[in-house]
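This report concerns only the one structure given below.
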Amino acid sequence: MRPLPGAPGVAAAAALLLLLLLPRTRADEHEHTYQDKEEVVLWMNTVGPYHNRQETYKYFSLPFCVGSKKSISHYHETLGEALQGVELEFSGLDIKFKDDVMPATYCEIDLDKEKRDAFVYAIKNHYWYQMYIDDLPIWGIVGEADENGEDYYLWTYKKLEIGFNGNRIVDVNLTSEGKVKLVPNTKIQMSYSVKWKKSDVKFEDRFDKYLDPSFFQHRIHWFSIFNSFMMVIFLVGLVSMILMRTLRKDYARYSKEEEMDDMDRDLGDEYGWKQVHGDVFRPSSHPLIFSSLIGSGCQIFAVSLIVIIVAMIEDLYTERGSMLSTAIFVYAATSPVNGYFGGSLYARQGGRRWIKQMFIGAFLIPAMVCGTAFFINFIAIYYHASRAIPFGTMVAVCCICFFVILPLNLVGTILGRNLSGQPNFPCRVNAVPRPIPEKKWFMEPAVIVCLGGILPFGSIFIEMYFIFTSFWAYKIYYVYGFMMLVLVILCIVTVCVTIVCTYFLLNAEDYRWQWTSFLSAASTAIYVYMYSFYYYFFKTKMYGLFQTSFYFGYMAVFSTALGIMCGAIGYMGTSAFVRKIYTNVKID
């Protein structure tokens, strides 16, 4: 049987993507089991300012010397690891499992003026470095200055204490000693020692020491969840009571109007949401962009839900870059969700350029993320930072967009158009749009949009603090049960708020509810981004062009993605509400 044309190329591309996305196994470091006297690799990762977590450089960008042991090359195992700027380099230190090493010199730094200036700059800016042994992170400080800030000292002795349980490494501690004054034209000897200790820590629990239960499970965190939960109960009760009572009165009034003769109806004072029944299902303005945003928002919600569930089941923080790799994989795999909801909505609104809509829907989020990353990448390259994304990684991301996301989006679009693309509205749409009467200023769509995001933001802003701290500071986020609860609360609050806003808008005989429901929920993003400014200036000590652009660039991406997700949730809930109330009323 002859192979299909182009099949080898497709197979090669698929194999490349799988190799990039899925972890590879190699040597005992990845099996995490060792025999006695077997080599244990100490990887040097990055160095950078303590207050700028994302501003990192290769460890040997500072003039440290390398041990005498033969170098071992390292490759990026996953796409997430490459995107996060992991730059592992072999330390050259000779470490063997359960084999103690007495204090020994492993290399010597010939300290000229240029090298001294580099170390002084690093010490002035509180540079820390990161290392890995058996995937366990270790942090150390480069040096320190005296009280007057005139003399600078380098830590030259790395004292390693490694705990083992059976044939596995379960604990690593670093103590920096050997403070040596930095004097030009001198030689500085770098030394190390290794002490192996038996430990009772289980291998599955070895990352527990890096977690911070006192921070993430603080009473404020529990109180914020309880507070948000009470807000949900109050909102749902309020919405149910107001809308049910109000709608019952509306239905009674409209039923009474049905019993009137034509003369009485003409003399009566007709008003309310029933009057716009001929326009309420009119296609939104700019349906192509609108449907693409709704499809993208539904996909972001699906990705958030699946990744949180996976993170609750698996401890993703134990593997470098695993969270980002999982998010990319899930985003690519859920592309049919985008195509289905976006394509079906566009078809129901009478759109004819469905291929263009599919392309916009497929590349809306990737283009926003990649555009921001491309801009920040220029700054990272200028700084020679490890966060500069390699060209091969860029090609891999483009391959995922064109060969995975786009085809799956096409499948979803075709399914959406065929399965739920028919405009089965409960009311007929009038040929001529009804004029929108004047109304009070607080009923204007612009005002509703600005106020609509306050309550959803209020339900999540405490959780935003914990998420920001885990990403921008040295905390590992692990309480994904909290995050799941907050996501559910956010969805309920968003739907309730947009339903109330839409009811008031329709009661004012304004049928422009589609964009209003989307934007009133999406305005949550504005408040989140405003909060990010407060967090930057009052909760961190970040500085410099690179860290500032990285922070505000990716916070803009995060806020926009959150806004699109909230907007889609608000629109879907409001759409079901509008369809329900117009189905239950008699229309001539």
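Just so it is clear, glycine is given a Cβ too, placed from its N, Cα and C backbone atoms.
Because TrEMBL annotations are produced automatically, they should be read as predictions rather than curated entries.
Annotation comment: TrEMBL describes 1-27 as signal peptide. Look at TrEMBL and you will find 222-244, 288-313, 325-347, 359-383, 389-411, 446-468, 480-506, 518-538, 550-572 tagged as transmembrane segment.
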Message: Short question: most Cβ pairs under 8 Å with the transmembrane segment (550-572), which of 325-347, 359-383, 389-411, 480-506?
response: 359-383
- request: Could you name the stretch, out of 325-347, 446-468, 518-538, with the greatest number of CB pairs under 8 A to the transmembrane segment (288-313)?
  value: 325-347
Statement: For the transmembrane segment (480-506), the distant same-chain contacts (Cβ-Cβ under 8 Å, at least six residues beyond its ends) come to 216, 221, 225, 228-229, 231-232, 235-236, 238-239, 242-243, 246, 273, 276, 280, 301, 304-305, 308-309, 311-312, 443, 445, 448, 452, 455-456, 459-460, 463, 466-467, 512-513, 516-517, 520-521, 524, 566, 569-571, 573-574, 577-578
Statement: With the greatest number of Cβ pairs under 8 Å to the transmembrane segment (389-411), the stretch among 222-244, 325-347, 359-383, 446-468, 518-538 is 325-347
- prompt: Can you name the far-off residues of the same chain, 6+ from the ends of the transmembrane segment (446-468), with a Cβ under 8 Å from a Cβ of it?
  reply: 215-216, 220-221, 224, 227-228, 231-232, 235, 477, 479, 482-483, 486, 489-490, 493-494, 497-498, 501, 504-505, 516, 519-528, 531-532, 535, 539, 566, 570
- request: Sort out the residues at least 6 away from either end of the transmembrane segment (222-244), same chain, that have Cβ-Cβ distances under 8 Å to it, and list them.
  value: 455, 458-460, 462-463, 482, 485-486, 489, 492-493, 496-497, 499-500, 503
Query: Cβ under 8 Å to the transmembrane segment (325-347), counting only same-chain residues 6 or more beyond its ends: which ones?
result: 21, 78-81, 287-288, 290-292, 294-296, 298-299, 302-303, 306-307, 310-311, 316, 354, 357-358, 361-362, 365, 400, 404-406, 408-417, 419-422, 568
